[in-house]
Amino acid sequence: MNMNETILQPRMRKYLVKCTLVAALGGLLFGFDTAVISGTEQSLRVLFDGEYQKLSQVFGTVNFWHGLAIASALIGTIVGAMRFGKLADTYGRRKLLMIIGVLYFISAIGSALAYDLSSFVLFRFVGGVGVGGASVISPMYIAEISPAKFRGRLVAITQFNIVLGILLAFVSNYLIAGFELGAVTWRWMFGVEALPALLFFLFLFTIPRSPRWLLVKGYVDEAKKVLSQVGTDSGSIEDEVAEIQNTLKTDERNKGETIFKRRYYKPLFLAISIAAFNQLSGINAVMYFAPRIFGMSGFGESAALLGSVGVGLVNLAVTMFAISIIDRFGRKKLMLFGSIGYLVSLGLIAFTFYSYDSEFRLVHELQQGLRDGSDLASAMTSAATGGSIIMWSLFLFVAAHAFGQGTVIWVFISEIFPNKVRGKGVSLASSTLWIMAALISWTFPMFAEESGGKIFTFYWVSMLLQLLWVVFVMPETKGISLEDMEKKLNLNDEK
């Protein structure tokens with residue numbers, strides 16, 4: 001490398017980091033959009049009660065329809081995750097990220113101004129399509145602009161930003177509630193997302209198109225220019241272009257390969273299992289309904305929102321720690337400790353809801369003005385212990401998720417499929433996760449209304465099954481080449 005290239009290198013790296021951070025903003029908005037609903041959920045329950053009542057006379061219950069309204073964004077994520085990958089191949093990664101930014105903006109403004117249940121569900125669905133698209137396109141774009149030696153760390157920024165976005169949503173909800181805006185508080189909680197969505201859209205004009213996509217479309221000179229801008233050594237650009245083009249030829253040959261061949265049943269089972277267990281833990285129920293869960297255990301409105309901020313902080317801190325050790329300790333060990341943490345925390349939560357059910361219900365009725373306030377002090381005292389157990393158990397639960405499933409799932413899934421079907425395998429696992437997330441979030445209000453103990457017992461049983469799966473079924477993938485992994489899973493036999 002000559003002196004000019006040496007001088008330019010720091011500038012190239014800054015440009016690469018800038019492009020990565022802009023694309024990863026899609027992940028931050030993903031996390032924000034996912035968690036912002038938690039602060040608005042109980043207001044929406046009251047606001048749309050009349051419509052829920054009318055719908056429940058035709059089919060289902062009030063909580064069935066409320067669960068559907070809350071889960072509407074997750075239904076949109078299924079559509080976004082399934083469709084945006086193919087659209088990105090046609091129109092480009094950057095253009096699809098711009099569309100995602102527009103979807104986030106429309107969803108934020110539309111949800112904030114929603115005038116009835118139908119309009120709210122529609123705009124939340126639109127935002128969900130953006131979330132699903134971002135879950136596919138943001139890491140795809142970052143992987144395609146990153147030199148191999150930086151790729152792992154740069155792609156991990158997307159996961160970090162998702163968790164950061166969740167925390168920011170909890171903090172935003174708490175701060176907005178502190179302004180005591182009354183009936184429009186929930187509208188502001190949704191509306192604030194419009195500003196970062198607009199900035200995301202505008203910043204996308206400052207980053208290049210994906211070099212891989214440019215080569216697919218025949219823009220070879222522009223692809224070389226982008227590779228140079230993001231730090232590829234000038235002497236290596238031709239080799240990099242040749243390598244990408246060879247990969248594209250291989251991908252083209254593998255287009256017709258189906259993932260439903262018998263030889264792929266084992267990785268398919270492993271991927272679908274870990275994706276299903278991810279949501280059967282109840283993690284999305286906690287993220288979507290954290291203030292309600294705190295409220296069910298005797299916390300007031302402000303304290304419940306502050307408790308949610310604690311959930312977000314724990315999630316962020318443990319995710320950062322787990323990412324730093326996953327390659328040292330392995331995927332299976334993290335999943336093992338995470339599963340044990342699930343069982344301890346969910347067991348404590350379920351037991352506490354059963355043990356303090358009458359005290360929690362009394363405090364809730366007193367706070368809602370449904371009973372004489374003279375009993376409030378004694379009720380608060382008797383429920384305080386139970387509330388503290390719930391709070392610390394929720395923190396432990398989120399830590400267990402971040403340490404195990406939250407960090408391991410996408411690394412593990414990407415390692416168990418052969419190259420020729422990896423994209424299809426990851427896509428199917430992603431769809432499984434989003435479908436399960438929608439079902440868990442949809443059903444939580446129905447079961448939680450009757451008893452917090454029952455729904456958390458169900459999650460506990462599910463995580464007991466996960467522990468058995470980790471111990472007896474899950475293979476360790478740390479330090480194993482993709483070729484050796486195929487041998488380990490017996491994928492070399494053509495069937």
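Keep in mind that glycine also has a Cβ here, set from the backbone N, Cα and C atoms.
As recorded in TrEMBL:
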- 19-478: domain 'Major facilitator superfamily (MFS) profile' (DOMAIN)
- 62-84: transmembrane segment (TRANSMEM)
- 96-115: transmembrane segment (TRANSMEM)
- 121-142: transmembrane segment (TRANSMEM)
- 154-176: transmembrane segment (TRANSMEM)
- 188-207: transmembrane segment (TRANSMEM)
- 268-290: transmembrane segment (TRANSMEM)
- 302-323: transmembrane segment (TRANSMEM)
- 335-356: transmembrane segment (TRANSMEM)
- 389-413: transmembrane segment (TRANSMEM)
- 425-444: transmembrane segment (TRANSMEM)
- 456-475: transmembrane segment (TRANSMEM)
**Study point:** Highest-contact recorded stretch vs the transmembrane segment (154-176), from 96-115, 302-323, 335-356, 389-413, CB pairs under 8 Å
**Key:** 302-323
Exercise for review: Give residue numbers and ranges for long-range contacts of the transmembrane segment (302-323): same chain, 6 or more residues beyond its ends, CB-CB under 8 A.
Suggested key: 35, 38-39, 156, 159-160, 163-164, 166-171, 173-174, 177-178, 286-287, 290-292, 294-295, 334, 391, 394-395, 398-399, 401-404, 406-407
Practice item. Test the contact criterion for the transmembrane segment (188-207) and the transmembrane segment (96-115): 3 or more CB pairs under 8 Å, pairs 6 or more apart in sequence, then answer yes or no. Key: yes
Practice item. For the transmembrane segment (335-356), could you work out the same-chain residues 6 or more beyond its ends whose Cβ comes under 8 Å from its Cβ atoms? Key: 281-282, 296-298, 382-383, 385-387, 389-390, 393-394, 396-397, 399-401, 403-405, 408, 451-454, 456-457, 459-460, 463-464, 466-467, 470-471, 474
